[in-house]
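Written out below as structure tokens is the structure these notes cover.
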Amino acid sequence: MASNSATSLFLILFIITQCLSVLNAAQDFDFFYFVQQWPGSYCDTKQSCCYPTTGKPATDFGIHGLWPNNNDGTYPSNCDPNNPYDQSQISDLISRMQQNWPTLACPSGTGSTFWSHEWEKHGTCAESVFTNQHAYFKMALDLKNQIDLLSILQGAEIHPDGGSYSLDDIKNAVKSTIGYTPGIQCNVDESGNSQLYQVYICVNGSGSDLIECPVYPRGKCGNSIEFPTF
């Protein structure tokens, strides 16, 4: 009887240890990608876009997400199903979210579906850094405030006017301002032209400082890319 109890206790402890090991492994990462997207490029595709129920977003880069990533290019995802998105935790941030993190997916929405996806896929994998959901979303908003991409590019005479610009000029404009080389991701417009879509900035694993990216996102851009209007 004692032997059976000892065996049962061992199995329980083993299962708990394995579960904790999986959870810790899932939450282990090296740095963050902070990703901003240009709405004009999101919308100028064959799929097009839908403005949020709050109306057309500002003509500005919008946040796509804050994503834990590994130095080898892999990334954890959906790390804690027991911590679903809870909008009540970020009620004081909603106006900032609607302005700086708007949804462009169809059908039109308030943004909550977008934010829920970002938290559950990416945010739950950084619970070791953020004490709660509010801290995660606030950090992304503060990074957006710190890195004003549109002002940076326009200061280098790179404007969202439908014209084409050198990929190197875009990268250099950002690097000269923030001190680090961005990752640039392009997509294709309805005519098949390469256009500026997303800008990746890397942040250290504690979320305290910008860093040079250990690895850059995949994404083919030509030497000359369009910066469409919005």
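Cβ atoms are placed via backbone N, Cα and C, with glycine included.
Automatic, uncurated: that is what TrEMBL annotation is.
TrEMBL has this to say about the protein:
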- His64: active site (ACT_SITE)
- Glu118: active site (ACT_SITE)
- His122: active site (ACT_SITE)
- 1-25: signal peptide (SIGNAL)
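Distance between Cα atoms for Glu118 (active site) and His64 (active site): 8 Å, as a whole number. If you take the C-beta of His122 (active site) and look for same-chain residues 6 or more apart in sequence within under 8 angstroms, you find Gly65, Leu66, Trp67, Pro68, Ser77.
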